[in-house]
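Student: Okay, so TrEMBL annotates it like this:
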TRANSMEM  21-46  transmembrane segment
TRANSMEM  66-84  transmembrane segment
TRANSMEM  105-132  transmembrane segment
DOMAIN    150-244  domain 'CAAX prenyl protease 2/Lysostaphin resistance protein A-like'
TRANSMEM  152-170  transmembrane segment
TRANSMEM  182-201  transmembrane segment
TRANSMEM  207-224  transmembrane segment
TRANSMEM  231-251  transmembrane segment
Amino acid sequence: MTEAIIKEDLPQRSKNELLKIAVWLIALLFVPGIIAGMAVGIYAGFQTGMTTDMEPAAFDQLINSPPLSLIMMLGASLLTLPLLKSATAGSSWQDALRYYRVGHVARLPMIKAIGAMLLLFVSFSVLSQLFALPPEPFMETLQAGLSSPANIVLLMVTICLVVPVVEEFVFRGWLFGRLLDARVGGQHGPLLITTILFTLIHAQYQSWYTFAFIAVVGLLLGMLRQRYNNISYAIAAHMALNCMSTLMLFIDSTS
């Protein structure tokens, strides 16, 4: 579907713009993660060096432990911000935020946005229980790190605060705006393309039903952006979703 949208009869200027978007998007999605992963790998290597009898399996367990996984996720998100600023026209963050359509919010649309996301989350949770869908290994890894207060704070800051903001800046802010400017896919092209790419970047998950849920989430977030021309509602809804997911981790860990 994405290929069909992109292959529409675009003017040459739009095609050149689309190439620039693709290059920047690849950089945004991969460069921060590579740098953060290398930093965590170096740290784990030092830890291994100090423990000369550490087995390879123990090294893998260390580098994939909940704290290091969260630190890598947090680091990649924070490193994305200066790169995203470079990819955005304007001389200041104020210009960038204006381009991303970060604006003031009204009470009723905010209630609708958060309510719709929570309804979607509850619906998926009920279906998961009815069909006895197995939990995602990634979520079980995060849940294993809830034994430490420091890990809990790290989890909440990363998952509930930083990641939703950065992802919305990238997808419903920068990418959505650039696709609109390039007139890719008409009115709904940016919505469909950002939804598909948003789904694909969540490679830490494994099950088709999780990807289906993420696709619906991405579609809802894009519709909020399109409906209100303001990603503040999408950010709030995304935060609400991640907060509910984190809350469920706490509940499951104590049951």
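Keep in mind that glycine also has a Cβ here, set from the backbone N, Cα and C atoms.
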Student: Against which stretches of its own chain does the transmembrane segment (21-46) lie, if we need a Cβ under 8 Å and a gap of at least six residues from its ends?
Tutor: 59, 62-63, 68, 71-73, 75-80, 83-84, 87, 170, 174-175, 178-179, 182, 197, 201
Student: Would you mind listing the long-range same-chain contacts of the transmembrane segment (105-132), meaning Cβ under 8 Å and 6+ residues beyond its ends?
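Tutor: Apart from its flanks, the transmembrane segment (105-132) reaches 209, 213, 216-217, 220, 224, 228, 230, 232-234, 236-238, 240-241, 244-245, 248.
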Student: DSSP says what for the domain 'CAAX prenyl protease 2/Lysostaphin resistance protein A-like' (150-244): how many helix, strand, coil residues?
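Tutor: Its residues divide into 79 helix, 0 strand, 16 coil.
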Student: If we skip the immediate neighbours and take only residues 6+ beyond the ends of the transmembrane segment (231-251), which ones have a Cβ under 8 Å from one of its Cβ atoms?
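Tutor: Tertiary neighbours of the transmembrane segment (231-251) are 100-105, 109-110, 113-114, 116-118, 120-121, 125, 139, 142-143, 146, 155-156, 159-161, 163-165, 167-169, 172-173, 176, 217, 220-222, 224-225.
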Student: Taking the domain 'CAAX prenyl protease 2/Lysostaphin resistance protein A-like' (150-244) alone, what is its mean pLDDT?
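Tutor: On average, pLDDT over the domain 'CAAX prenyl protease 2/Lysostaphin resistance protein A-like' (150-244) sits at 96.
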